[in-house]
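A short worksheet on the structure shown next.
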Amino acid sequence: MKSQSTMICCLMLFLTTECSLYRAKIHIKDGDKWQHPEEKPKTGRIQEKCHGPCITSSNCSQPCAQSFRGEIGFTCNQNKWQKSTETCTSLSVETLFQDSKSVPRLSIAAPSMTLPILDFHAPPEPLKSVAQGILRNCPQDYACIIEAVKSSKATSGNIAFIVELLKNISTDLSVNVTQEKMKSYSEVANHILDTAAISNWAFIPDKKASSDLLQSVNLFARQLHLRNASENIVDEPFIQTKGFHLSHNTSLEESFRFSGNVNNTPEEILGMIEIPKHHLWKLPPNDSQAITIAFPTLGAVLKEEHMPNVSLPRLVNGLVLSVILPDRLKQIILTFEKINKSQSARAHCVGWHSRKRRWDEKACEKTLDIKNRVKCRCNYTNAVMSFSILMSPISIDDKILDYITCIGLSVSILSLVLCLLIEATVWSRVVVTEISYMRHVCIVNIAVSLLTANVWFIISSNFSKKARDHKWCVAMTFFSHFFYLSLFFWMLFKALLIIYGILVVFHRMMKSRMMVIGFIIGYGFPLIIAGTTVAITVPEQGYMRHDACWLNWDNTKALLAFAIPALVIVAVNLLVVLVVAVNTQRPFIGSSKSQDVAIIRRISKNVAILTPLLGLTWGFGIATLIKGNSLVFHIIFALLNAFQGFFILLFGTIMDHKIRDALKMKMSSLKGPARVAENASLSPNNGSKLMNR
């Protein structure tokens, strides 16, 4: 193999460029059944409980059955003993090489680790003799350990033993890895990844065992040397490995298919990887190799390290697949078929961070999410070696919310359109001073901002349910963010109008200058905030949520770019209303000033009502982000958010008596000519003229 650095990335892979689909068959080759009964891993559950009194949170242990070393730990929960840990093992280095008389009894413990699953009374011994035993007995293919491993029961202790064995083989025997060695290595790993063994992973005391297994397999496969252009190296029921050569003019497509009962689902699971054509051109003229590994059951046992504000465990909903690529290839496109195909099970594209030992959502970006499949665009590094999809831990998918949103937005849009029509009808009759003119400018722009934001919300909601294009989703999120912010900044400008009308007595600003200031505040500031948010978060793929075209919260907290300005404006507006409520009680001299004060009082009432409503709406919106909260919060937010347009029509327009008076006058003026014409047609003179004809 040519010397070059490679990178490992794991999960479902499909390289666009053509290579035949390949099916990983769950059944054993050559006509055998899926698994012979004598080969099926056994759980080895020997003792089921302790014999002493069960006191809540108390612990006890029982020795393993004969022929096993170790013990089974129990914890008392709700007055019942429940198994918590198990270290029962029948394997040792001696059993691995029992046919070789020259190999002494050894411990499987790593050089600096104690492993209580073997000999609990003797100090740990170095593992280097295991490598010596393999090199002495089967240096060409490592096959001499397979029979002992496959004949063992898949107890928790034996699983931990085999993980440690594979880990140390990857460390000490990963030079010049051949296909024969990779096959033997994978047969050992397949034994502990069998569906019958999965439940016993939960009782291994070392919770890092599953991530150690993944990292060990990737490390070992990284040193694999390919002989042919494309070959199926490993085709075990629970682990598959493929290798192929790449070059700048290569066209490849790779897929993994697992048939059979995977994670209690009888359906076939598919995973594919694609390398964009323009990335393949970055390869050197000479051939480079790529190795891919697929795991259908590993996702069920991968244990994440605890993270703040994240509910664990997070369920893997697809294959886990690793790939080793040339150093110059930095991006891949992954397609995963969902194990749980429920429409309410939303997916997140993730990469496994080997150092942090947890799924990293920043490593991938979701580009497609339909009922059966998810497509991800992922970047990989030495730390992020594997990829998969997670089920959302919380999926609020209630028909009540859908009905509320649909009906509420319809009412809101109709209300805003009616608000704009009323303003157009009474405009000339209500804009008598600079203050009143700018007040109605504010109302019109508030209505326009919310109306536009609602339209973008509807478009993005429907768009999210279908195949989503990333750039379009970014655009829709930006416009929704911008216009919702504009709504609040125009509310802020209304509060500033109040201050201006109260404090400025002897000087009046020109309407044109006030308009410029209003549009700078109402649209300029939101544009700066929304644009800055896009510029900062889009390069890190943290601008949008993974399940909707709206601001991200889980990773980058981009939603704060909306929540903080909105809630600050709410607080400022309420403070202004309180201050002005006191100042407007004193008398003012001059009819013009008194007229302005009356207008200011109407603006203050409007702001005093609308501001809490808007603030309360988005306050509940932030509350819905807290995981585990009640559905009631989602329903209240949906109601308030959907009916914002109705609130603006009611409290900003209809409840203003000046607008009502202007409407009455407008209606009277429209009726006036009709009545005059009617009276003229009924007059006696008109009647006589008609008779004379």
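Backbone N, Cα and C atoms are what each Cβ position is placed from, and that goes for glycine too.
Feature annotation from TrEMBL assigns signal peptide to 1-19. According to TrEMBL, the domain 'GAIN-B' annotation covers 248-397. Taken from TrEMBL, the feature transmembrane segment applies to 400-421, 441-459, 479-503, 515-538, 558-582, 603-626, 632-655. Per TrEMBL, domain 'G-protein coupled receptors family 2 profile 2' is recorded for 401-656.
Long-range Cβ contacts of the transmembrane segment (441-459) within its own chain (Cβ-Cβ under 8 Å, at least 6 residues beyond either end) map to 409, 412-413, 416-417, 419-420, 423, 476, 479-480, 483-484, 486-487, 490-491, 493-494, 497, 515, 518, 522, 644-645, 648, 652-653. Between the transmembrane segment (400-421) and the transmembrane segment (558-582), the number of CB pairs under 8 angstroms, six or more residues apart, is fewer than three, so the stretches are not in contact. Same-chain residues lying 6 or more positions outside the transmembrane segment (558-582) and placing a CB less than 8 Å from one of its CB atoms are 481, 484-485, 488-489, 491-492, 494-496, 498-499, 502, 525, 529-530, 532-533, 537, 542-544, 550-552, 600, 604, 607-608, 611-612, 614-615, 618-619, 621-622, 625. Averaged across the domain 'G-protein coupled receptors family 2 profile 2' (401-656), pLDDT for the predicted model comes to 80. For the transmembrane segment (632-655), the list of distant contacts is 396, 398, 400-401, 404-405, 407-409, 411-416, 418-419, 422-423, 443, 446-447, 450-451, 454, 606, 609-610, 613-614, 616-618, 620-621, 623-624: same-chain residues at least six beyond its ends, Cβ to Cβ under 8 Å.
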